[in-house]
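Student: When I checked TrEMBL for this same protein, it listed these features:
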type: TRANSMEM; residues: 16-37; note: transmembrane segment
type: TRANSMEM; residues: 58-80; note: transmembrane segment
type: TRANSMEM; residues: 92-112; note: transmembrane segment
type: TRANSMEM; residues: 119-144; note: transmembrane segment
type: TRANSMEM; residues: 150-170; note: transmembrane segment
type: TRANSMEM; residues: 182-200; note: transmembrane segment
type: TRANSMEM; residues: 244-263; note: transmembrane segment
Amino acid sequence: MENEESFERWKRLSTIISFWVFGLCNNLGYVVMLSAAHDIMKEFDESDVDSVSTKEGYLRECTVIGTGAILLADIVPSILVKLVAPFVPLMIHIRMALTIGTSAVGFILVALKFNKWLIILGVILTSISSGLGETSLLAYMVFFKTKNVISTWSSGTGAAGLLGSFAYAALISVGLSPSATLLSMLVSPLSMAACFWLVVDHPKVTKSDGYLEEEESAPLDAILQGINVILLVFEVIEGYMKYLLIVMVIILWEGLIAGASYVNTYRKIASETPPAEREFSMSMNSFSDSIMITLAGFIALPSHDYICKIKPPY
């Protein structure tokens, strides 16, 4: 009896850890593509990079194509997938195979750099993978009796932002080429495959009752995020924060607020939505954050051009 209880605890723990890995790996490609934006954008020009890296009228060191353009290429396909996926039967094993396959092919296409169109295709495939993985796994979570899979998934997505950008920068700094660095990221889809098919204790997919306790969402989260935006925008323009550490602390704080808001939102859906609608609601809600990320990309395009024409504060 004791052995059975220990085995059950181990299965619950392994499932929780696996969802952390899913959150990390599913968003790693998205983060790495943004971290590698400058390197990717070099491929859009066939002439000398030094002669086209800045635009006439810019007073700062800026690329002609802003990172907002890469952000849009990295999010628009994802948002389309998130819009359609909730209306398609879950078929989680097929969806995960597509998620893992498109992620791997996306990394390979961008890393090999055959031409600019295949680079764009690679970014698009990575975006499709991220969108399909998120909407599918969020819908799948409602069938688990193990608590905290949403919390660990959210923690993994937050870790992707930190580990993805730092891993890319670290590998570049030790001498790896951008191509080799992107190829090393293939460990991400492989890890997802191993966890999903070898580790996770899969539940029977039925319209069962939910398992999550209700959590109150905090409207204060949105206000605090708005304050962070104002602080960082004025920092970019005026440069009043004299120490990088202050900026990093604010960004860390923003991540904690966003993570809390993310978890509370999905917990509220899981606890308050009728069982028959829970799977669809969890999946469809992932569409909303993509809308705002897309809006941020569109705002970034003119903002990038405007800020680059302002005299740098330092």
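Cβ coordinates come from backbone N, Cα and C, glycine included.
In the displayed structure, how are the listed features positioned relative to their neighbours?
Tutor: Packing against the transmembrane segment (119-144) from elsewhere in the chain are residues 15, 19, 22, 26-27, 29-30, 33, 40, 43, 70, 73-82, 85-86, 90, 92, 95-96, 98-103, 105-111, 113, 150, 153, 189, 192, 203-206, 208, 210-211, 266, 270, 278-280, 282-287, 290: each is 6 or more residues past its ends and has a CB under 8 Å from a CB in it.
Within the same chain, residues 150-151, 154-155, 157-158, 161-162, 215, 217-218, 221-222, 224-225, 228, 231-232, 235, 289 sit at least 6 positions outside the transmembrane segment (244-263) and bring their C-beta atoms closer than 8 Å to a C-beta of that stretch.
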Student: Short question: which residues 6 or more past the ends of the transmembrane segment (150-170) have a Cβ under 8 Å from it?
Tutor: 16-17, 19-28, 30-32, 34-36, 137-138, 141, 181, 185, 212, 255, 258-259, 262-263, 266-267, 270
Student: Using Cβ atoms and a strict cutoff of less than 8 Å, what residues sit near the transmembrane segment (92-112) while being 6 or more residues removed from its termini?
Tutor: 26, 29, 33, 36, 40, 85, 118-119, 121-130, 132-133, 136, 140, 178-180, 182-183, 185-186, 188-190, 192-193, 196, 205
